[in-house]
Amino acid sequence: MSEYSLFTSESVSEGHPDKIADQISDAVLDAIIAEDKHARVACETLVKTGVAIVAGEITTSAWIDLEELVRKVIVDIGYDSSDVGYDGHTCGIINIIGKQSVDINQGVDRAKPEDQGAGDQGLMFGYASDETEVLMPAPICFSHRLVERQTEARKSGLLPWLRPDAKSQVTCRYENGKVVGIDAVVLSTQHNPEITQADLHEAVMELIIKHTLPAELLHKDTQFHINPTGKFVIGGPVGDCGLTGRKIIVDSYGGMARHGGGAFSGKDPSKVDRSAAYAGRYVAKNIVAAGLAERCEIQVSYAIGVAQPTSISINTFGTGKIGDDRIVQLVREHFDLRPYAITHMLDLLHPMYRPTAAYGHFGRTPVEMTVGNDSFTAFTWERTDKAEALRSDAGL
């Protein structure tokens with residue numbers, strides 16, 4: 001990454017208002033997919049003081065108790081009392097969901113499933129880098145870990161005065177494309193009014209920041225900004241309106257890679273905004289894991305109603321062991337990037353999506369899950385099971 005000597009990424013906790021909205025949208029998707037794997041779901045959520053509004057287009061044979069589902073998500077996150085300003089038990093729930101347009105539906109559904117067309121036009125990117133063990137850029141990786149730790153400290157009772165809303169930001173220093181230090185750390189966390197700023201600063205520094213970030217990357221000149229505006233009691237949907245799909249850079253690569261603009265949460269796998277972005281990560285990660293490149297970015301694009309991608313492009317930023325054109329050939333040979341094939345390849349028709357809606361969709365560990373009678377693996381796009389075959393066919 002020689003073009004930058006410093007690079008900064010941010011993340012937000014599950015209690016951030018935009019992430020509340022994402023989690024509600026994905027919880028709705030999960031509940032529907034659990035009953036109807038052929039459903040078409042595009043679910044959008046808005047949260048603000050005293051209310052959650054759920055909208056979108058959904059075509060399904062399933063029935064879900066939307067109000068109960070939305071309340072459960074909000075309470076699970078930690079907004080369970082008027083004391084914190086937003087209470088999932090009592091807030092208003094407004095449902096304005098409609099059905100998917102028949103004009104869109106006729107372009108997606110096909111007699112043969114493998115001919116399923118893309119749910120929309122668009123461009124999607126996937127990325128991987130060898131700078132961390134999960135093959136993700138370090139700034140976004142560290143930013144996610146900070147807010148994950150904030151939530152862990154809050155929910156475990158280690159720091160019971162924490163509240164759900166939090167943001168993090170990490171600036172990494174690079175030399176010759178490798179991370180050599182962390183130059184700045186920002187962590188803003190909502191808290192109860194009785195905690196002093198001095199006690200908060202000490203606890204956050206010792207039990208969140210130093211507990212999470214590699215000590216060898218922190219140095220005497222590292223800047224630490226903990227709640228830099230001071231008091232942060234009012235947060236969540238009281239402080240800011242939250243919307244589904246407004247944290248697309250947090251959800252992906254922290255700005256290190258390009259982004260096609262489409263959000264993920266609330267969309268079933270027929271929407272290539274989501275499924276093709278997951279496939280792009282799967283492709284890029286396997287290319288880096290195979291040793292074909294130190295960094296890899298893939299772009300794919302689609303036309304609505306058309307199964308085959310309209311383009312597949314690769315950029316290894318000069319780190320490739322073989323040419324980028326040859327890598328594109330290998331991608332076409334080893335990965336079927338038609339929408340139905342992606343869904344099959346990554347086994348996406350399971351209620352696996354709510355866990356993706358906080359702390360990043362990428363750089364996660366594949367995990368076995370069971371929902372009802374359905375057992376499956378989540379985060380399948382993080383597997384590197386194609387790496388050996390790619391390396392062999394590349395002649396490395």
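Here, residue 1 is simply the first one shown, and the rest follow in order.
Using N, Cα and C of the backbone, Cβ positions are placed for all residues, glycine too.
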With the ranges 78-88, 100-110, 210-220, 375-385 to choose from, which does Swiss-Prot describe as region 'Flexible loop'?
100-110
Whole-number answer please: how many Å between the C-alpha atoms of Lys267 (ATP binding site) and Glu57 (L-methionine binding site)?
10
Rounded to the nearest Å, what's the C-alpha distance separating Asp240 (ATP binding site) and Asp18 (Mg(2+) binding site)? Just drop the number here, would you?
9
Residue among binding-site residues Glu44, Glu57, Lys271 with Cα closest to the Cα of His16 (ATP binding site)
Glu44
Cα within 10 Å of Asp18 (Mg(2+) binding site) is the criterion; apply it to the binding-site residues Glu57, Ala166, Lys231, Lys247 and give the hits in sequence order.
Lys247
In this structure, the one of the binding-site residues Lys231, Lys267 whose CB has the fewest other CB atoms within 10 Å is Lys231
